[in-house]
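First the structure, in the form of C-alpha cells, and then the observations on it.
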Amino acid sequence: MFLAALSYAYFAKTLSGSYMKSTITQLERRFDIPSYLIGVIDGSFEIGNLLVIAFVSYFGAKLHRPKIIAAGCILMSLGTFLIAMPHFIIGRYKIETTFRASANSTSQLSPCPVSSLESSRAGDRPSSLPSEGCEQESSISMWMYVLLGNVLRGIGETPVQPLGISYIDDYAQSENAALYIGCVQTIAIIGPVFGFLLGSLCAKIYVDVGYVDMETITITPEDARWVGAWWLGYLVAGTVTLLSAVPFWFLPKSLPVPVDKHDSVCTPEQTRFIKDADSPTLDHKIRPEEPTNLHMMANEFVPTLKILLGNPVYIIYLGVTIIQFNSLIGMVTYKPKYIEQHYGQSASKANFLMGMINIPAVALGMFSGGVVMKKFKLGVMGAAKFAFGTSLLGFFLSFLFLAMGCENSKVAGITVSYTGVDDLSYQEQSLFSDCNSGCLCSTKEWDPVCGENGITYISPCLAGCTSSSGSGRNMVFDNCRCVSVTNVQPGNITASLGQCSPRRSCDGVFPYFLALSVLSSFVISLGGTPGLMLLVRCIKPELKSLALGIHTLATRTLAGIPAPIYFGAIIDTTCLKWAYSTCGGKGACRIYNTSSYRIVYLGLTLGLRAVSFFLCVWGFALLKRHIKREEKEALSNQNGELESLRKDENSSMHCEQFILSPDCNPERETRL
C-alpha cells in the first residue's frame with residue numbers, strides 16, 4: 001500500500017513539474033520576459049527545497065514519515081494553484097500587431113503610413129512608445145506569483161523522495177528493494193508523459209478562451225506570439241497532487257522489519273564505507289518505534305553530518321551527480337523550446353513529442369536498470385560500472401545531434417537581405433530598405449507576413465505593402481514592393497499573415513533527431529536506478545535519509561537552481577529579434593540564430609557531461625582502493641576471531657577435564 005501511495009505521489013509531483021517545463025515558452029510570451037528570467041522561475045522550485053530539505057530529511061526520518069509526506073503533498077497542490085492565479089488577476093492578452101482593423105470592416109486601413117518630414121523627426125510610430133499608465137497595464141510583475149507558487153511546490157515536494165525511498169529500503173526485503181525503487185522511479189516517469197501531453201493540449205487552446213471571439217484572433221499556434229491556456233493545466237495538476245495526500249494519512253509510522261534485517265544493522269557493503277567509529281552520537285540510535293526525543297536528535301545532527309561528509313566515496317558521488325544534473329536539467333528544461341525554434345514545430349507538437357516519444361524511453365530505461373540490478377545482483381562496484389558505462393555510451397550518441405542542424409528561417413533584414421541574399425544581421429537599421437523607405441514603419445513590433453517569394457517580413461509595413469483585403473486570419477496584403485524585389489513575376493505581389501512554413505531541409509532531419517533522442521534517452525536512463533542504489537548501499541541505515549536528503553539538497557542547490565538560469569542566459573545571446581513589453585523594455589525573443597542556438601545548447605550540455613567523467617575516473621580509483629583496504633582489514637579481523645575461537649576451545653576443554661575428574665561421579669554430573 002505504501003508503494004502504491006508513494007508511486008502516485010511521484011506521479012503527481014512529476015506531472016506538475018513536467019507541465020511547468022512544457023509552459024516555458026507560454027510564460028515567456030504571456031509575461032514578456034526573456035529566457036534567463038524563466039530560468040529563475042524554474043529554479044525557484046529548488047529554492048523551496050533548499051529551505052527545508054536537510055531538516056526534513058533528518059528529523060522526518062525520526063517522526064511519522066507517511067504523514068509528513070501527506071503534508072508535503074498538500075503544500076505542493078497549494079503552490080500549483082497559486083501559479084495559475086495571475087491569469088485571473090491580469091487583463092486579457094494583447095497580441096502584438098502593427099495593423100489593427102475591424103473584422104467586419106470593408107474599408108481597410110493602409111499598412112503603410114506615409115512618411116513625412118515631421119513624422120520622421122518625431123521618430124518611430126506612436127504604437128512603439130510606452131503608453132501612459134503602462135506600469136499598471138503591464139503584466140511583467142505578475143510572474144512573481146508564478147515564482148512564489150513554484151517555491152511553495154518545492155517546499156511541499158521535499159519529504160517525498162528522501163522519506164519515501166528510505167521507508168521502502170527500511171521495510172522491504174534486501175533483494176526486493178532495488179526492484180521496488182525501480183517501480184517507483186518508473187511510475188514517476190509516467191507523470192511527465194501526462195504532463196507534456198497536458199501541456200500539448202493546453203498549448204492548442206487560446207489563453208483567453210471563453211472570453212474572446214476566436215474569429216477575431218489572427219494568429220495560429222505556430223505563431224511566435226501565440227499563448228496557450230497555460231493556466232488550465234496548473235488547475236488540473238493541483239487537483240491531482242491534492243488527491244495524492246489522502247492515502248498517506250492512513251499508513252502506519254512503521255512496518256514489520258523483514259527477517260533478513262533482524263540480525264544485522266547494515267550489510268557488509270555498507271560497513272565498508274561508514275564505520276561506527278565508536279562515536280557516542282551513534283550509540284543511541286533512535287528507531288521509529290521509540291518515543292521521539294527532539295533534543296537528542298538535535299544534539300546528534302552535527303556529529304552525524306560530519307560522519308556522513310567524511311566519507312570520500314559519498315563526496316565524489318555528490319560531485320559527479322551535481323555536474324551531470326547541471327547538464328540534464330538544462331537540457332530537459334529547454335528541449336521543447338529547442339524543438340520549436342530549431343525545427344519549426346509548434347509548442348503543442350513539441351510537448352506532444354516529448355510526452356509520447358522521449359519520456360516512455362526514459363521510463364523503460366529506468367525500469368530495465370532496476371531489473372538488471374536484481375537479475376545480476378550487482379554490488380557497489382558493479383552498479384558503479386554499469387551506471388558509468390551507460391552514461392558514457394549516451395554521451396557519444398549525443399554528439400550526433402550536432403550534425404542534425406537546420407538553416408535559419410528566411411526573415412528579411414535579419415537572416416537574409418531584401419534581395420534574398422543570406423546576410424545575418426543584429427542591427428535594426430538592416431530592417432529598412434528602399435522598398436519600404438516611403439512608409440513610417442516601426443521596428444519594435446513583431447507582426448510577420450509571408451511573401452510569395454517564401455521570405456518572412458517582420459510586418460506588412462516593412463514588406464512595403466500598401467493595401468489589404470479580407471479579414472481575420474484570411475487577411476491578405478497587396479502591392480508589397482519589397483516582395484517584388486526578389487520576384488520576377490509581374491502583377492500584384494501579395495503577402496499573407498504569419499511566418500512562412502518551416503524550412504524544407506528540416507523535414508528530412510527531424511525524424512532522425514527524434515529517433516536518436518529516443519535511443520540516447522533510453523541508454524542514459526539505464527543507469528538511473530543503479531546510480532541511486534549505489535548511493536543507498538554506501539550508507540548505514542540510520543544515515544540513509546540524511547544522505548539522500550543532502551544529495552537532493554546539493555544537486556538542487558548547485559544544479560537545479562543555476563542550470564536553467566545560465567542555460568537561458570546563454571540561449572538569450574543567440575536571439576536575433578526581441579519583442580518589447582508594454583513599457584518599452586525587452587520582452588520575449590521572437591526569432592533565434594538557429595546555428596548558434598544549436599551550438600551553445602548542445603555544446604554546453606555535452607561539455608558538462610565530459611567534465612563529470614573525469615571525476616568518475618577519480619571516484620573509481622578511490623572506490624577500488626577503499627574496497628581493497630577494507631577487505632584486508634576484514635581478513636585480519638577474521639584471523640583474529642579464529643585465534644580467539646581456538647583459545648576459547650582450549651579453555652573449554654580444560655574446564656571439561658576439570659569437571660570430569662576422578663573425584664566426580666559422571667552420572668551425578670550428567671543429572672546436574
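Don't overthink the numbers, they just go from 1 along the chain as shown.
Just so it is clear, glycine is given a Cβ too, placed from its N, Cα and C backbone atoms.
Confidence for the domain 'Major facilitator superfamily (MFS) profile' (1-625), expressed as mean pLDDT, is 80. Among the features that TrEMBL reports, domain 'Major facilitator superfamily (MFS) profile' is placed at 1-625.
Under the heading transmembrane segment, TrEMBL lists 33-56 (among others).
Annotation source TrEMBL lists transmembrane segment at 68-90 (among others).
What TrEMBL records for 105-134 is region 'Disordered'.
Annotation comment: TrEMBL describes 177-207 (among others) as transmembrane segment. Panel annotation: around the transmembrane segment (177-207), residues 3, 6-8, 10-19, 21-23, 26, 30, 87, 93, 164-165, 168-169, 214, 217, 221, 226-233, 236-237, 336, 346-349, 351-352, 354-356, 359-360, 362-363, 366-367, 369-371, 373-374, 528-529, 532-533, 536 of the same chain, lying at least six beyond its termini, place a Cβ under 8 Å from a Cβ of the stretch.
According to TrEMBL, the feature transmembrane segment maps to 227-251 (among others).
What TrEMBL records for 314-332 (among others) is transmembrane segment.
Here TrEMBL flags 352-372 (among others) as transmembrane segment.
Sequence-distant neighbours of the transmembrane segment (384-404) (same chain, 6+ residues past either end, Cβ-Cβ under 8 Å): 324, 369, 372, 378, 509, 512-513, 516-517, 519-521, 523-524, 526-528, 530-531, 534, 598-599, 602-603, 605-606, 609-610, 612-613, 616, 619-620, 623. Residues annotated as transmembrane segment in TrEMBL: 384-404 (among others).
As annotated by TrEMBL, domain 'Kazal-like' applies to 429-484.
Listed as Cβ neighbours of the transmembrane segment (509-536) (distance under 8 Å, sequence separation of 6 or more from its ends, same chain) are residues 165, 169, 177-178, 181-182, 185, 314, 317, 321, 343, 345, 353, 357-358, 361-370, 372-373, 378, 380, 382-384, 386-391, 393-394, 397-398, 400-401, 404-406, 544, 547-548, 551. For 509-536 (among others), the entry in TrEMBL reads transmembrane segment.
The transmembrane segment annotation in TrEMBL covers 557-579 (among others). Beyond the ends of the transmembrane segment (557-579), by six or more residues, the same chain brings 29, 32, 34-40, 42-43, 45-47, 49-50, 96, 225, 322-323, 325-327, 329-330, 333-334, 337, 411, 414-415, 424, 426, 446, 458, 586-593, 596-597, 600-601, 604 to within a C-beta distance below 8 angstroms of the stretch.
The transmembrane segment feature in TrEMBL is assigned to 599-623 (among others). Listed by sequence, the residues of this chain that lie at least six past the ends of the transmembrane segment (599-623) yet keep a Cβ under 8 A from its Cβ atoms are 312-313, 316-317, 319-320, 323-324, 326-327, 330-331, 334, 338, 380-381, 384, 388, 391-392, 395, 398-399, 401-402, 567, 570-571, 573-574.
With DSSP states grouped into helix (H, G, I), strand (E, B) and coil, the domain 'Kazal-like' (429-484) comes out at 13 helix, 12 strand, 31 coil. Same-chain residues lying 6 or more positions outside the transmembrane segment (352-372) and placing a CB less than 8 Å from one of its CB atoms are 18, 22, 178-179, 181-183, 185-186, 189-190, 192-197, 199-200, 335-336, 339, 345, 378, 386, 390, 514, 517-519, 521-530.
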